[in-house]
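What follows is a short report on a single structure.
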Ligand SMILES: Nc1ncnc2c1ncn2[C@@H]1O[C@H](COP(=O)(O)OP(=O)(O)O)[C@@H](O)[C@H]1O
Ligand SMILES: C[C@H](O)[C@H](O)[C@@H](O)C(=O)COP(=O)(O)O
Ligand SMILES: [Mg+2]
């Protein structure tokens, strides 16, 4: 009898439910449901449509039933930092405000007046991004103090979705670390930081690790689906799941390439030295208390927005082909400039940057796309230099995972620019990482080492090496 697990991976642009089962030492996947995940405007803020996302999860579970498949377990992973607050009746007090909302403008600067950056970094090891949960909560404290006073429960997005499924309230570790409120050494909520910022320490829930069996779904949901299953916590931070599906990590820098490009390495301890702070690297928590030493690069969000600006007239592969047809050197932008975090119009924002920096302004969709891809690779190259500077070693290869690993032009540009071997895939690394944790918890896979061996045997990974044609252009 096949034993199926069900992964729910909701990234910042799309979500998918993927069934997984082990067959003769290989992991077989079946995508049963895919849906978009767009930011909406609600009550004057940019928000996620959390109700619609839960409905999509339920639709996907029902599709399993329609296929005659009853999963043994389900686990949900999503993007990081965002959260909801519940009142004493476990009702929503807040919308699921998105990390791209401007409510945190200027807040990080205020908080680092209270806490020196060095202290926050030494205690948490987390990068300084204006949208971190710590700054979102501080913004709430300033803008809607009455909400924060009423809050009895803090749940991050996947925690909340797991709560809707089971009625259980926990905070999963890997995602909790992205709040910048977890102490990197105690691996628990940092009471001093929380209390000194005036947050209610009691609203934070017990930290649970990946592989935790949270329990069965609620009876009424089991009745609705026609079957029950257990919730097993994956690494509920999607990047935490994605890196678990990298076939081999030895001497490898990974790029989790989706809406964001998360570039980093797996590490056994937090690196909180000044150089890592200056480079703005983060030490996000991983399964089995590993650390994901990485940094955020603006990522394929930029091409997603450009596609939207062109009314979705072009597919992602169309935009890649159009950029290939552009032969002359294009302008380069600093993709990590906060102006690209949520511009009105990405095309115009890129053109404005090029005009302001005295560069030839890209006009056609192909020129815009090429500018984005080349500029992203420049930022990747800079991050590679920084990683090798901190670790005082050269890394042999780069493994690109996620939807962006399908961008062959980008993969080749990375190989040409970094002069390293580039491995591309698995595409659905996040869903795979989510599934292998459930299978480990169920005793179907021994540990993460065996899981990586299974991934190697189960999924295609393409290799790219530096092409003969020398790449033009330099680091911005
Ligand atoms: N066929 C394709 N060719 C090139 N790029 C692609 C293709 N399909 C998807 N992508 C890239 O993958 C990105 C989405 O990656 P994904 O990991 O699904 O994102 P997320 O998890 O953040 O929602 C898109 O923004 C797009 O740039
Ligand atoms: C805001 C966070 O940095 C972001 O969630 C990032 O950590 C992440 O995991 C994004 O994943 P995508 O799959 O949406 O690119
Ligand atoms: Mg993703």
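The backbone N, Cα and C atoms fix where each Cβ goes, and this holds for glycine too.
These come from TrEMBL:
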ACT_SITE  238  active site, proton acceptor
BINDING   12, 13, 14, 15, 16, 259, 304, 403  ATP binding site
DISULFID  354-371  disulfide bond
DOMAIN    4-244  domain 'Carbohydrate kinase FGGY N-terminal'
DOMAIN    254-441  domain 'Carbohydrate kinase FGGY C-terminal'
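Annotated features taken from TrEMBL, shown on the structure.
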residue: 12; record: ATP binding site; CB count, 10 Å: 23
residue: 13; record: ATP binding site; CB count, 10 Å: 18
residue: 14; record: ATP binding site; CB count, 10 Å: 16
residue: 15; record: ATP binding site; CB count, 10 Å: 21
residue: 16; record: ATP binding site; CB count, 10 Å: 20
residue: 238; record: active site, proton acceptor; CB count, 10 Å: 32
residue: 259; record: ATP binding site; CB count, 10 Å: 21
residue: 304; record: ATP binding site; CB count, 10 Å: 19
residue: 354; record: disulfide bond; CB count, 10 Å: 20
residue: 403; record: ATP binding site; CB count, 10 Å: 19
- prompt: In sequence order, which residues at least six apart in the same chain have a CB under 8 Å from the CB of residue 371 (disulfide bond)?
  reply: 330, 331, 332, 333, 350, 354, 362
- prompt: Between residue 14 (ATP binding site) and residue 238 (active site, proton acceptor), what C-alpha distance do you get in Å?
  reply: 12
Task: Please list, in sequence order, those recorded positions from 15, 16, 354, 371 with the Cβ less than 6 Å from ligand 1.
output: none
- prompt: So, in DSSP terms, is residue 14 (ATP binding site) helix, strand, or coil?
  reply: strand
Integer Å distance between the CA atoms belonging to residue 259 (ATP binding site) and residue 238 (active site, proton acceptor): 11
- prompt: So which recorded positions out of 12, 16, 238, 259, 304, 354 are up against ligand 2, CB under 6 A?
  reply: 12, 238, 259
Query: Near ligand 3, which of the recorded positions 12, 13, 238 are found, taking a Cβ distance under 6 A to any of its atoms?
result: 238
Message: Please report the three-state DSSP label of residue 259 (ATP binding site).
response: coil
Message: On average, what pLDDT score does this prediction assign to the domain 'Carbohydrate kinase FGGY N-terminal' (4-244)?
response: 97
Field: Cβ-based neighbourhood (8 Å from the centroid) of the ATP site, residues 12, 13, 14, 15, 16, 259, 304, 403 excluded
entry: 11, 36, 37, 258
